[in-house]
Amino acid sequence: MVAPRISFVSLGCPKALVDSERIITSLRSEGYEISRQHQGADVVIVNTCGFLDSARKESLANIDEALKENGKVIVTGCLGADPDVIRQTYPNVLAITGPQAYESVIEAVHTAIPPIHDPFLDLVPPQGIRLTPRHYAYLKISEGCSNRCSFCIIPTLRGDLTSRPISDVLREAEKLVQAGVKELLVISQDTSAYGIDLKYLENSWKDRTIKTKFFDLCRELGDMGIWVRMHYVYPYPHVDEVIELMAAKKILPYLDIPFQHASPTVLRHMKRPALMEKTNRRIEKWRKICPDLTLRSTFIVGFPGETNEDFNMLLEWLEDAKIERAGCFKYEEVKGAVANDLGLENIPEDVKENRWHRFMAKQQQISTHLLKKKIGKRLQVLIDESQGKVAKGRSQYDAPEIDGVVHISSRRPLRVGEFVTVKIEQSDAYDLYGIAV
């Protein structure tokens, strides 16, 4: 008998990608086939994003496409937390569930097309099904967030911080390493708050007792002999402890910290930490401890009430801090966000656009200057793409999809997933160019 086929669309952030991997793993264990095409599938699952208006539009467009090409559609994810928005336009979807509603998604699939599975056939590898390339994987350590940033509705969509016990996280990490993963990208909504909700619950691991705590997690992952990269780190004081592990080469000297802005006034309106002078002193301290440290961050321009003075303060902070990687978003009003009700003046779209271009130009200058310093150095690079003797990879300074790459020429064919030493010969605003040695 032919196994039922599920087509799957995963939208949004890496956290949503991990949710998709979990759902697909459950479906495969029950005998469902996963298809890349809507046509011919028994049902389509769309894992949506609902954070920004642009993301909501993309989610609705994907639902529309799935309905036209297939007709049987199950919707899950963040946009599913607001089912009326979906039902008003697409009343014929089979089911709508919110984020993290794994069991509800599986039940909806069972209703649409019951599973057929030979219990003697193992369909899922120990590490589960992954949607990333085989050599790297996202490791989600918690769900939700207990911060209340005024522009964000994540706590409404996904609830307060809920950490996974550290033994569960480490078991998953170990299985991934055993499956050949070379790099773990640690993610959550608030990575450095890991374990606070569990009051740093103690677990047994390898005949030892360890705490469900950010530092302990970094230390244990650092002993697994692979690249470990930290994302979505809120700048709590205890982050300082982890810099020592980076200096000791236990985990990658890379911190993804979403600073969002530099103006104290804007940061207070955002309900974010507003002591950027103190943050600058901490960055200086971090770089003294770990000179190889790379900082990545994201920023928002055009937040309601942002003045020219506020924006210029952001540009000055960029020039002073000289962070290696920075992304910038033009503010979009998010339905349900507190920022909508602050009574602040909205910034015209043309002003937002101008500020975004000025921000990006400033960061390109900084990045160009910093990358030139890599010329002549030899870097360890993990290969992401290969066309024989020409390849692309990433050094410790770059996360997949959001940062730059290293373009490589080689005398021998290079394989995806292998580490190569590369001598850097050129650079531009974002990327490096070199020869495998």
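Each Cβ is built from the backbone N, Cα and C atoms, and glycine gets one as well.
Remember, predicted model here, so these are calculated numbers, not experimental data.
The [4Fe-4S] cluster 1 site recorded in Swiss-Prot comprises Cys49, Cys78 together with one of Cys13, Cys145, namely Cys13.
Cα of Cys78 ([4Fe-4S] cluster 1 binding site) to Cα of Cys152 ([4Fe-4S] cluster 2 binding site): a span of 13 Å. Computed over the domain 'TRAM' (372-437), the whole-number mean pLDDT of the model equals 95.
Between the binding-site residues Cys13, Cys78, the minimum number of other C-beta atoms within 10 Å of a residue's C-beta occurs at Cys13.
Compute the center of the Cβ atoms of Cys13, Cys49, Cys78, which mark the site for [4Fe-4S] cluster 1; besides them, the chain residues with Cβ within 8 Å of that center are Leu11, Gly12, Lys15, Ala16, Thr48, Gly50, Phe51, Ala55, Gly77, Leu79, Pro99. When other Cβ atoms within 10 Å of the Cβ of Cys152 ([4Fe-4S] cluster 2 binding site) are tallied across all protein chains shown, the result is 22. Just so you know, the Cβ of Cys149 ([4Fe-4S] cluster 2 binding site) picks up 18 other Cβ atoms within 10 Å once every protein chain is counted. The CA atom of Cys149 ([4Fe-4S] cluster 2 binding site) is located 18 Å away from the CA atom of Cys13 ([4Fe-4S] cluster 1 binding site).
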